[in-house]
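Step one of this worksheet: look at the structure below.
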Amino acid sequence: MTTTVERPATSGQAEPARRRRPKRSPLAKREDRAGWLFISPWVIGFLIFTAGPMIASLVLSFTDYQMIQAPHAVGLDNYRELFDDPRVLKSLSNTFVYAAMFVPLGTVFALALAMMLQRVGKAGGFFRTAFYLPEMTPAVAAAAMFLLLLNGQQGLINKVLGWFGINGPNWTADPNWLKPSLAIVSLWTVGGTVIIYLAALNGVPKQLYEAAELDGAGPVTRFFKITVPMISGALFFTVITHTIAAMQMFDQAYTMFYGPQQKATASDESLVYMVYLFQNAFQFFKMGFASAMAWLLFVIILLITFLQVRIGNRYVYYHGER
Amino acid sequence: MTFPWRRLPFFVFLTLATIAFVYPLVWLVSASLKPRSQVFDNRLIPEIFQPSNYVRVWDAAPVLRWLTNSLTVGFMAAAAVTLSSALVAFGFAYFRFRGRNILFGILLSTMMLPGAVTMIPVYLIWNKLGMIDTQIPLWAQNLFGSAFYVFLLRQFFLGIPRELFEAARVDGCSYFAMFRRIAFPLCKPALVIVFVFEFKASWSDLMKPLIYLQTTEYFTMPRGLKQIIDAFALSGHYEWEIAVAASVIAVVPMIILFAFGQRYILDGVATTAQKG
């Protein structure tokens, strides 16, 4: 929820009155001061909690810092270690696999539910509420619950699969099924996305469908030629925010599979990037190395988002007020 | 009225989905009332009712403290972020000042920054200030506004007709009074959305309590719940009925919040994406 795409900062149509800048009258100067005063909390916070720490973290990433002694410079060692430490690459690939499962599945699943909701009219309100309920569940509680539901021997999910003659896997113990388990926990909280899609679907003009139907377009054509392009803005927004969130997934993985106990036998298959970063920073106290990990993550997220925006700009259609 | 048969398949699918979304929570409540040997029996109505699980959670861990801690932190975090973001958003929406567009661009781009980048230096700042193992780092940063909420509230403020403010100016209204008497009341629904979202985010946050809290008495609910689960893993003695009961305790306040603020929350989710 805390991430979004950068858009041009001026939303011109909303403030047409003050376009021209007159010479700086006393009034303009006062407005200048007042404006800065209003935004000063953010400016101060930005300097102390964002800009400063960004520089500090970049500097730290070139040092060895364990909090006991002052940091000392080690050049590119931490960055070299990123590529030498197999667990960094492992955690990165785990995160990608998880994101590659959750983002497409979540999008398709949420869109399917939203399209059905749109077709049931008034009753949709009830379903909408029901779908959002899991989003209110704290991640730790949801993870604890799914640890039980996904239990290989006795869990409810395998029992339900059993009704259909499927012998469910040992979700939370079999190394091959840890990431799918995490994806399932995340899919359970896809209700917010359903609501976003529903709002977007309701904004598509009905005449488009009627016209297309008259022209003999079938449901599949209408879906790909009208629905998808018309809600592409919402699809684009959610895919980007979900990807960024998935790259930083922590709560569920940490609750389900990690903790201070750190079993020696624990499999690395559920080690997502943020969990390993957190361990390095606050359990192994390798602050310099963890900072380098953070910058690698930042660069990866920037690259992915840049790529998505490039692709998106080619296909996304913004209608109405934009 | 005839039943809309053509829509029947949709109803069937939606009902199945509803079961998938809601049943786990129902199961959770039911399991929290079962004895340990039956937590997994998947009955909806427990064969043996054992409400004493809740008493045992209460005895085993300072759950009431955790709940009040979560409430306090959540309230402080939400109130701080709502007020500060509203001020900043009004600054960006109403005033024309030098550097505004650049600053707003910077504000938007900070949303792309993963928390991991600033996490360690921010920890070191709080460490320097001697604030480790207090709850202050969990909410104090919210006093400086949050980019996403500033963006959202700015959109709402831009929707207020400018004439309202101009008229107030002519009547001798100060800038701050314009904010407090016009902008703030007119955007109440948006402010409620921001408050509720931040309260919910704070309530379920695990990372910050993990980083900043050490004393069990200071834990928030999710941190405490994690502690309970960790204790089992450490001892190899899994008292699932306790974990389940504690999970229910962590969920219930959010369900209550949802019950009261449902319309605000659901409409809020829909609008945030459109404004975004």
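The backbone N, Cα and C atoms fix where each Cβ goes, and this holds for glycine too.
What TrEMBL records for A:1-13 is compositional bias 'Polar residues'. The compositional bias 'Basic residues' feature in TrEMBL is assigned to A:18-27. Taken from TrEMBL, the feature domain 'ABC transmembrane type-1' covers A:92-308. Here TrEMBL flags A:1-27 as region 'Disordered'. Positions annotated as transmembrane segment by TrEMBL: A:34-56, A:96-117, A:129-150, A:182-205, A:226-250, A:284-307.
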If one takes Cβ-Cβ under 8 Å and requires six or more residues beyond its ends, the residues near the transmembrane segment (A:96-117) are 124, 127-128, 131, 179-180, 182-183, 186-187, 190, 193-198, 200-201, 227, 235, 238-239, 242-243, 246-247, 249, 272
Sequence-remote partners of the transmembrane segment (A:182-205) [C-beta within less than 8 Å, at least six residues beyond its ends]:
1, 98, 101-102, 105-107, 109-111, 113-115, 117-118, 124, 128, 131-135, 137, 142-143, 146, 150, 157, 171, 226-227, 230-231, 233-235, 237-238, 242, 246, 249, 252-253, 256, 270, 272, 319-320
Cβ-Cβ under 8 Å with the transmembrane segment (A:226-250): same-chain residues at least 6 beyond its ends:
1, 3-5, 95, 98-99, 102-103, 106-107, 110-111, 115, 182, 186, 193, 196-197, 199-201, 203-204, 208-209, 212, 217, 272-275, 278, 297, 300-301, 304-305, 308-309, 312, 315-319, 322
Against which stretches of its own chain does the transmembrane segment (A:129-150) lie, if we need a Cβ under 8 Å and a gap of at least six residues from its ends?
113, 156-158, 171-172, 181, 184-185, 188-192, 194-195, 251-252, 255-256
